[in-house]
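Per Swiss-Prot, the features are:
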REGION    542-617  region 'Type E motif'
REGION    618-648  region 'Type E(+) motif'
REGION    649-743  region 'Type DYW motif'
REPEAT    138-172  repeat 'PPR 4'
REPEAT    173-203  repeat 'PPR 5'
REPEAT    204-233  repeat 'PPR 6'
REPEAT    234-268  repeat 'PPR 7'
REPEAT    335-369  repeat 'PPR 10'
REPEAT    370-404  repeat 'PPR 11'
REPEAT    471-506  repeat 'PPR 14'
REPEAT    507-537  repeat 'PPR 15'
Amino acid sequence: MASNYYSVQIKQCIGLGARNQSRYVKMIHGNIIRALPYPETFLYNNIVHAYALMKSSTYARRVFDRIPQPNLFSWNNLLLAYSKAGLISEMESTFEKLPDRDGVTWNVLIEGYSLSGLVGAAVKAYNTMMRDFSANLTRVTLMTMLKLSSSNGHVSLGKQIHGQVIKLGFESYLLVGSPLLYMYANVGCISDAKKVFYGLDDRNTVMYNSLMGGLLACGMIEDALQLFRGMEKDSVSWAAMIKGLAQNGLAKEAIECFREMKVQGLKMDQYPFGSVLPACGGLGAINEGKQIHACIIRTNFQDHIYVGSALIDMYCKCKCLHYAKTVFDRMKQKNVVSWTAMVVGYGQTGRAEEAVKIFLDMQRSGIDPDHYTLGQAISACANVSSLEEGSQFHGKAITSGLIHYVTVSNSLVTLYGKCGDIDDSTRLFNEMNVRDAVSWTAMVSAYAQFGRAVETIQLFDKMVQHGLKPDGVTLTGVISACSRAGLVEKGQRYFKLMTSEYGIVPSIGHYSCMIDLFSRSGRLEEAMRFINGMPFPPDAIGWTTLLSACRNKGNLEIGKWAAESLIELDPHHPAGYTLLSSIYASKGKWDSVAQLRRGMREKNVKKEPGQSWIKWKGKLHSFSADDESSPYLDQIYAKLEELNNKIIDNGYKPDTSFVHHDVEEAVKVKMLNYHSERLAIAFGLIFVPSGQPIRVGKNLRVCVDCHNATKHISSVTGREILVRDAVRFHRFKDGTCSCGDFW
């Protein structure tokens, strides 16, 4: 009797939130240990099963080991524990040890592979079962395989399973027919989905929702609306229509659909709320979002995890992070989705360090990340070039098995590329079993950032040969690589192919890349002609690019035109004043320099101060020119003095042509010596052990003199120095730079 009582208690815990479920199961388990010295096997099995569903494989194993004579249910529950936890090697080892196997055993094995994204292994296990143990085949097995086919877009596999469904006579069963319909609808095979739909003996609202979802996913809006108007609708139906409209770029119509549901007086639940909020976020419609938030509070859904997560996402997309944080802090229960919404929200609004902190807090709270959350955390590290935390997350990806997901691998390729470790980025890319268009684009962008045009173009060509269609980001990387390598004609060719071959309408960013292509090569007149032929005027980036090139080439005429155009576009943009001032200074026109400075003061235009940073032992050390705030100031300045003497002996000659002050030459030289990147490099030489590269970031373009000085520093110290400035990566080693002095 006692065993039955405790068994019921454990079963009642299943379905509670992760935190409560864990607490109550462990509490009941403790009571069992104290009250029952020899629990019955079926009670042990229920405890193992509960721990399995909680992904607590360690506890599940401990309980299993206490069972005197484990039966098949015991073994299946242990197998389930490893399956749910993603511990594939332990799952396989347990499977091999099983004294007997039934349909549940095979289903758990196949589902374990499926949950870990190991499609090939799941298919192999299924085929083995069909060949040698077909008697164990159940409708659950077929349902699992259909879900696998659907989530991974494997149409041929899905059709193979469909054939077996027909052969076994399961086609009319809802348990199989529902995932079969969903599979076809999800992969866009609408005609097949309709055949399954009309072949079912009983069609419920779930079936209608699946078919409607497939129509919406294929952009067949009118067909979906026709089905929607004639069907019996539940809240999921309304939510699916709202979500489908939003995903087809009809966010306003999605919000209107929500209003129609509300006007009809239909009962609101988590599904419509969770679908309309992303539409508000996509439009940046904060007022509508706040109104829906008020409706959520009135209907008492503010504590629902799904709704709370959607609210966080909406506020983050509307750049209202303080509202997002308020919603998050007030949530009584949080799951991986709500934590992920915060990580993504902070990461995509430029607050990457806080995003990483939120991710670490999530792990401390006992919630394991999924592949999407981990991928977003790694992306946040990439955005701030934080290789230290990113490498730790790489380790987490390996130990958790999430490395097999393409989203995680893509983020790691991007991380190492953005942190200047192009070798590790390439190695990871080559090791990927599955690559999508994002994988190739990440690698193309990494090579482009390093100015390795040949590799960039070769990789792009391979991507196209593999049948993957490049997007605007991919073409940006290719044209940028051509620009940094001075391959003007190739860059022009790829720009033309965007429209003619790939159907991509060039954005303002692509036009800026083309301005950069001409400007870097000194073909300033061609850049000017290109600008005059554009369908719209350049943005600030385009004008600044041309103006920077005019400064480097000393072209006052075109530089003045670019500066005046930039100032007209944005009177408070400092680049128009500072870059033109630099051209005047290089030509000794100090009166013109003074006039520009007066104009800046009158309009309250402030130049963005140059800042460089280096991360060491988890702490970010930032420096500005002539910085006196560092606690290591004396050591840094002494190191700079020592370096300056060594590089002068090595042939370094200061270039003061772009110093904007009318002062003595010696003063100009001294000003150059204490630029922010040199302070950061000196810090690295003092504290970063030899054998490790020194990694420095800078918010502006590295000046010509500091670039030259850093080459000499790498020569006299024998150290590898990586500098990521606003333009590209520079890898200084043995007196040379990876950019070939072209940046």
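A Cβ is built for glycine as well, from the same backbone N, Cα and C atoms used for every other residue.
Computed from a predicted structure; not experimentally measured.
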Which sequence positions outside the repeat 'PPR 7' (234-268), separated from its termini by at least 6 residues, show Cβ-Cβ distances below 8 Å to it?
-> 205-206, 208-209, 212-213, 215-217, 219, 221, 224-225, 228, 274-276, 278-280, 282-283, 285, 288, 292, 295, 299, 301
The region 'Type E motif' (542-617): DSSP-derived helix, strand, coil residue counts = 51 helix, 6 strand, 19 coil
Could you pull the average pLDDT for the region 'Type E motif' (542-617)?
-> 88
Positions whose Cβ lies under 8 angstroms from the repeat 'PPR 15' (507-537), at least six residues beyond its ends | 472, 475-476, 479-480, 482-484, 486, 488, 491-492, 495, 498, 545-546, 548-550, 553, 555, 558, 561, 565, 569, 742-743
Any residues 6+ beyond the ends of the repeat 'PPR 6' (204-233) with a Cβ under 8 Å from its own?
-> 174, 177-178, 181-182, 184-186, 188, 190, 193-194, 197, 240-241, 243-245, 247-248, 250
Near the repeat 'PPR 11' (370-404) in space but 6 or more residues beyond its ends, with Cβ under 8 Å, are 86-88, 116-118, 336, 339-340, 343-344, 346-347, 350, 352-353, 355-356, 359, 362, 410-412, 414-421, 433, 615, 618, 695, 697, 724
